[in-house]
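Undergrad: Sharing the features that TrEMBL gives for it:
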TRANSMEM  37-57  transmembrane segment
TRANSMEM  63-85  transmembrane segment
TRANSMEM  117-135  transmembrane segment
TRANSMEM  155-178  transmembrane segment
TRANSMEM  190-214  transmembrane segment
TRANSMEM  239-256  transmembrane segment
TRANSMEM  277-303  transmembrane segment
TRANSMEM  323-348  transmembrane segment
TRANSMEM  380-398  transmembrane segment
TRANSMEM  410-431  transmembrane segment
TRANSMEM  438-461  transmembrane segment
TRANSMEM  481-503  transmembrane segment
DOMAIN    666-886  domain 'Histidine kinase'
Amino acid sequence: MSGLIVLVIVAYLAMLFFVAYRIDASTRLRLRVANSPTIYALSLAVYCTAWTFFGSVGGASAYNIQFLTIYIGPVILMPFLWFIYRKFIRISRAQGISSLSDFIANRYDKSIGLNRLVAILLMLGIIPYIALQITGIDKAIETIVTNNGTEQNDWLSYVDTSFLVTLGLGYFIIIFTTKRFQEKEQNTGLVGAIALESIVKLIVFLFFGVYIVLYASDKPQLFADFDASKLKLNPNNDYGQWFGMIFLSALAFLFLPRQFELGVVTAANERKVKRAIWMFPIYLLLINLFVIPIAIVGNNMFAGHKMNPDMYMLSIPIHLNNGWMALLVLLGGFSAASGMIIVATHALSKMVSNAILMPSFINNRFVLNRFKDRNHKIPVFFRRLSIFVVLLLAYLYHKLVVADFTLISIGLVSFVAVAQFSPAILGGIFWKLGNKYGAIIGISLGFSVWLIFLIGPTILNLNVHGVFGTGHHSIRPEGDLITTVLFWSLLLNTLGYIAGSILTKQTALEQNQATLYVDIMNYSTEVDSGVVWKGTAFFPDIKSLLSRFLGERRVTAELNHFAQKQGINLEDQDELDSRLIGYSEKMLSPIVGASSAKILISSVVKEEKLSMEDVVNILEESQKIIAVNKELQQRTDELKRVSEALKLANFRMKENDLLKDEFLYTVTHEMRTPLTSIKALSELLSDEEDAMPEEIKKEFLNTILKESNRMTRLISQVLDLENFESGKHQLIIDKVDISELMQHCLQSLDGVFKQNNIQVCIDIEENLPDLEADHDRITQVVLNLLANAAKYCDKESGKVWVDISRIGSLLQVKIADNGPGVIPELREIIFEKFFQAKNQTMRKPKGSGLGLAISKKIIQLHEGKIGVNTNDPEGSVFTFSIPFTQNRD
């Protein structure tokens, strides 16, 4: 079994190495990973750690559903994530921010002291959480080894597996987080590997859950034991504690360094957040789907046995002699724990390196000059040293402290720690008056409460256990203690932040940063970070400094690109303006940290002290530029609208020319047909009048009369349409009895209906009021529609339906047939003039194609609507509706 455990873990790590390496080695894969919303959403699932994979089952084993609060908080937060993360991402991109401590320090005067304070406190808060993951892996391996019946002969029981795992993960972190120090390629190999781990742990958990429900449990007993009435919100069934935990988990999701790293720092663009808003809650739902069933099965299986509920997921398959399932669960748990260790260590190491080690190094002129030719290697060395320090401290904490506590309790301690940064961060992005002293006071007060009441008990328990040989733990960081400490620490923190900010003044730089952070959505994504600056800087000095850390090729390329965007001629730039100074600092920030970047830039820039008058003048100038830009944008938008209007007018003019040509062609074509017939018949009558029988003469004369009538109707229709379109035609409004009008129309076409054996069905609603309309024009519309229905209905068993009803204040008339119907593509254009003439490829009865166009114009003049739909089961339904009362104005 030991050999298999080692093989599984080594194979899994090898797979992560391969995936991360392949992504980093391929430009195409790096771009796909960097721009994939799905991979982004999956990477956020690093939130689900060994605590989720093992600890949730342990919490649920006592019918305590408080474990759900850890996931409900982020889910409730999701609708607001778009607004918060957009600000975070834009600010980070604009300022070149690479860590949570940089984000806070940059807002508050770019304070080196605040940056160090945040980094140290985050170390105190997160190292126990990393230690928790190491403990989870250690306990998982120990559970398999000690429960397979061969512990005494198993060599793995004599090996410190937690040390080996920490060593292996440390190597992975060093390889894939210190290779690329480029702002635009933020460890895409690492992000891809974390997304893969999220998939692995979810699949394993779901697979094991299905296995438990379908194969490993007595299903009737399982559902019998699931008594919802036994479920408690928490051990005390305290609603206040329940909501406090939900609030805590929402803050933790926002401000845990690993979440900030993957959600903000590595985000290529803010649009990816949209998918995470719905995809991440689904992920949380799925990974918690089988927690309670697994807990019930574990309780039933190990009733009366001393078994750690956190390890039920491993103990159950071992108890059932399913070693392969146990190995699969181990793989899922290792995936959950290792993902957190990798990202949290990476994020913390950046803060330790950039906020603590690098500023100390570059402040020492002797050391800086001593390593002048190897400056680019210093950030890499410090980052790797920081990774070693973080993992070493986490390992020691695991060996000395964490083993005596549940997975959940240590995780909650870390959650309360990161929550202490919420007033400074949220205040920083929404309140311009917040300043450095307020942030320091608030954070210090909040962490003091945290240290005294949460970290203190863990150290006290360690001393009691180690020195006096007792296992008694008088104070544990669980339950109501967590929410109590959260309340008082955040209260003091917030009050300290507000009071400190109100009672002290901001510097000019801090005012500039406050405006940038709060109003970031009013700027483009490429914000000039050097808005408020005064002094002298020389281009060769800046370029030389940047080249020492970034390489001459990259510096030249990026400065040229920036200068081109900003309209700056670098050849004439002996002395630099504030834009290039700000961009240079932004380039350095991801590599050495915001604090170190500020120190390095200051070392080659002769900065002059800004008076408040200077600040006001610069800000007024900026406001004028913004106002001019807005005015230019408005004018640009106005020109676009005018241009679009001109394009539309030009299009309509061309369309009208085309319609005019079509109109002339169609009228000519429609007139030519009867004229040709009249001419031919007239010539025959003239040439052969004496020889022609009287019957033939009468037939020819009748045809000439019909064709003449046809021409008359066509000319009348053309004139009618011209009058309607020009607006010359005036309706003659009178009282109209619609029932009487319909009967008259049907009588007029009675001969047509009888000749073609068409059955007419009429349904007229009773007591309809008189209609205010033009009697002749409405008659024209009805006759047109009835004639069309007669033309197109079935030739063998034709039917026409007439339905008249009142719909509110409207009269609605429907005329349907059982003909071939009108396909959807033609339902709009069928009302165009000369539709039939323009569609000569269609088989259809004779007609000018003007009837429906005229009908539409008449109905529109009556402030009504006309349209066509499919009849059921076949045919067409023409419907028009007009108000009973017409506006006579």
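Backbone N, Cα and C atoms are what each Cβ position is placed from, and that goes for glycine too.
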Undergrad: Count the CB pairs under 8 A between the transmembrane segment (63-85) and each of 117-135, 239-256, 380-398, 481-503, then give me the winner.
TA: 239-256
Undergrad: Is the transmembrane segment (37-57) in contact with the transmembrane segment (323-348), using three or more Cβ pairs under 8 angstroms as the rule and ignoring pairs under 6 apart in sequence?
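TA: Yes, the transmembrane segment (323-348) contacts the transmembrane segment (37-57).
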Undergrad: Of the listed stretches (117-135, 277-303, 410-431, 481-503), which one yields the highest count of Cβ-Cβ distances below 8 Å with the transmembrane segment (239-256)?
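TA: Looking only at 117-135, 277-303, 410-431, 481-503, the most contacts with the transmembrane segment (239-256) come from 410-431.
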Undergrad: Return the stretch with the most CB pairs under 8 A relative to the transmembrane segment (117-135), choosing among 277-303, 410-431, 481-503.
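TA: Top-ranked stretch among 277-303, 410-431, 481-503: 410-431.
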Undergrad: Near the transmembrane segment (481-503), which same-chain residues lie under 8 Å Cβ to Cβ, leaving out any that are not at least 6 residues past its ends?
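TA: Cβ under 8 Å, 6 or more out: 240-241, 244-245, 247-248, 412-413, 415-416, 419-420, 422-424, 427, 431, 433-435, 437-447, 449-450, 453-454, 475.
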